[in-house]
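Okay, structure first, notes after.
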Amino acid sequence: MNKKYIMAIDQGTTSTRAMIFNHRGEVVSKSQQEFSQIYPKPGWVEHSPDEIWVSILGVMSGALRSKGISPKEIAAIGITNQRETTVIWDKNTDEPVYNAIVWQCRRTTDICQELKNNGLEDKFKEKTGLVLDPYFSGTKIKWILDNVAGARQKAKNGDLLFGTIDSWLIWKLTGGKVHVTDYTNASRTLLYNIHELDWDEELLDILGIPESILPEVKASSTIYGNTVPYHFFGEEVPISGIAGDQQAATFAQGCYEKGMTKITYGTGGFMLMNTGKEAVTSDNGLLTTIAWGLDDGIYYALEGSIFNAGSAIQWLRDELDLIEDAADSEYFASKVEDTGGVYVVPAFTGLGAPYWDPRARGIIVGLTRGTNKNHLIRATIESLIYQSKDVLMAMVEDSGLDLKDIKVDGGAAANNLLLQFLSDMTGSRVERPINTETTAAGAAYLAGLAIDFWTDQEEVLKIRKVDREFNPDMSGEKREQLYRGWKKAINAALSWSKT
């Protein structure tokens with residue numbers, strides 16, 4: 001039977017999806033399944049690795065059945081995943097020793113603080129490109145080994161394995177034959193030296209983590225192993241692509257040149273700028289990460305995030321009752337030509353890069369008697385772009401690169417007013433793709449390239465279809481004037497936290 005399709009598994013924070021792509025890069029079938037969020041204590045977040053695995057089996061079956069596709073028609077499988085989330089399991093029994101500790105979980109704050117107090121922050125950043133934060137996998141592994149009865153001894157005996165979600169899924173899909181991850185996921189663990197491309201012995205020693213539990217690190221596009229027939233409907237299918245979710249989206253968006261940037265607007269906003277084969281160290285609190293690793297080498301990226309993007313629009317809907325649906329925000333914002341001098345700084349949970357002030361709080365400034373709800377809605381939309389510009393300017397400053405095209409995806413990318421303002425404020429062309437399922441597409445492309453389903457990245461670029469382009473339509477003088485106003489508003493939010 002003709003191998004006509006690539007299956008992408010997109011294992012996210014709240015749901016698991018399987019999507020089947022044809023040779024034209026189109027989604028021909030998909031299936032989605034939510035799973036439980038576990039909150040044992042305030043600030044703690046866990047998932048059940050076994051429940052995630054069951055959801056994988058469910059969505060793979062669902063995607064095939066939905067359109068009557070035979071498993072024999074699947075040429076390869078690609079995996080993209082929520083990053084940093086940590087699983088440790090017994091390799092002899094396949095049983096997790098503890099729930100997966102999710103990237104959002106803050107339980108290792110004290111461990112990170114102790115490492116900072118011991119003067120180790122610069123060492124970790126220099127080697128891994130990351131900051132000492134509970135977000136990343138390293139301190140989560142330490143917590144499990146220190147707090148689960150017998151775990152540390154089992155690890156010393158060589159009985160335990162660690163993996164981010166991609167590793168756990170490949171282990172299960174291959175029947176326990178393959179323990180592997182890719183460069184993108186390894187670069188999010190706080191244990192991987194992104195310059196030497198190896199697990200860092202010194203950092204492992206500091207955290208008390210035996211190297212024997214770690215997966216082999218491979219390229220993002222290569223054959224890692226085959227599914228065992230009893231886990232893929234009687235078929236052995238190569239698993240040939242892996243990337244963390246943000247890197248997969250960046251790859252799918254065709255950000256293959258230095259200076260190209262991807263922004264995903266979800267609850268927050270994730271920005272990755274391709275810096276080529278050079279790992280750029282940030283002086284602005286950005287992360288240095290691996291964008292992907294292919295046959296022609298390792299490509300690096302700067303990563304920055306804003307805490308409140310879609311959540312700011314939800315605030316208009318849920319707390320202020322100014323709109324009934326998030327999609328209404330563009331309609332009301334378009335009723336006014338500008339914000340009337342109003343700025344909203346949605347620092348509900350502090351400010352991220354490049355300010356890094358967890359105590360900053362949200363403010364609204366510039367109100368007059370003529371301010372109406374449309375001005376407030378527009379100012380909230382524009383705040384997403386001002387925050388994005390802050391991060392993008394930090395990337396430009398750190399890298400010395402010119403800002404090239406910006407590729408946008410995520411829920412808020414449907415808002416034309418938002419994307420036009422992004423183009424105006426950055427002076428860059430902004431593209432929105434037809435296929436906004438970019439994380440899954442990235443995994444599919446990486447898997448397909450490894451088996452020559454697609455010949456090269458040029459072919460991938462050709463099948464990527466753009467829905468709409470947005471080009472700058474604002475004078476430089478106006479742009480600077482508006483941005484100066486934003487900086488004043490930011491300073492007010494920062495000074496509020498200090499009073």
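Note: Cβ is positioned from N, Cα and C throughout, glycine not excepted.
With T13, R83, E84, Y135 listed by Swiss-Prot as binding sn-glycerol 3-phosphate, the candidate from D205, D245, D283, D295 annotated for that site turns out to be D245. Note: the Cα of R17 (ADP binding site) and the Cα of R83 (sn-glycerol 3-phosphate binding site) are spaced 15 Å from each other.
In this structure, S15 (ATP binding site) is part of a beta strand by DSSP.
Sequence-distant neighbours of E84 (sn-glycerol 3-phosphate binding site): residues of the same chain at least 6 apart with a C-beta under 8 Å from its C-beta are W103, Y135, F136, S137, K140, T164, R188, T189.
Relative to R83 (sn-glycerol 3-phosphate binding site), the binding-site residues with Cα atoms inside 10 Å are T13, the candidates having been T13, T267, N415. Ranking the binding-site residues T13, S15, Q314, N415 by how many Cβ atoms sit within 10 Å of each one's Cβ puts N415 at the top.
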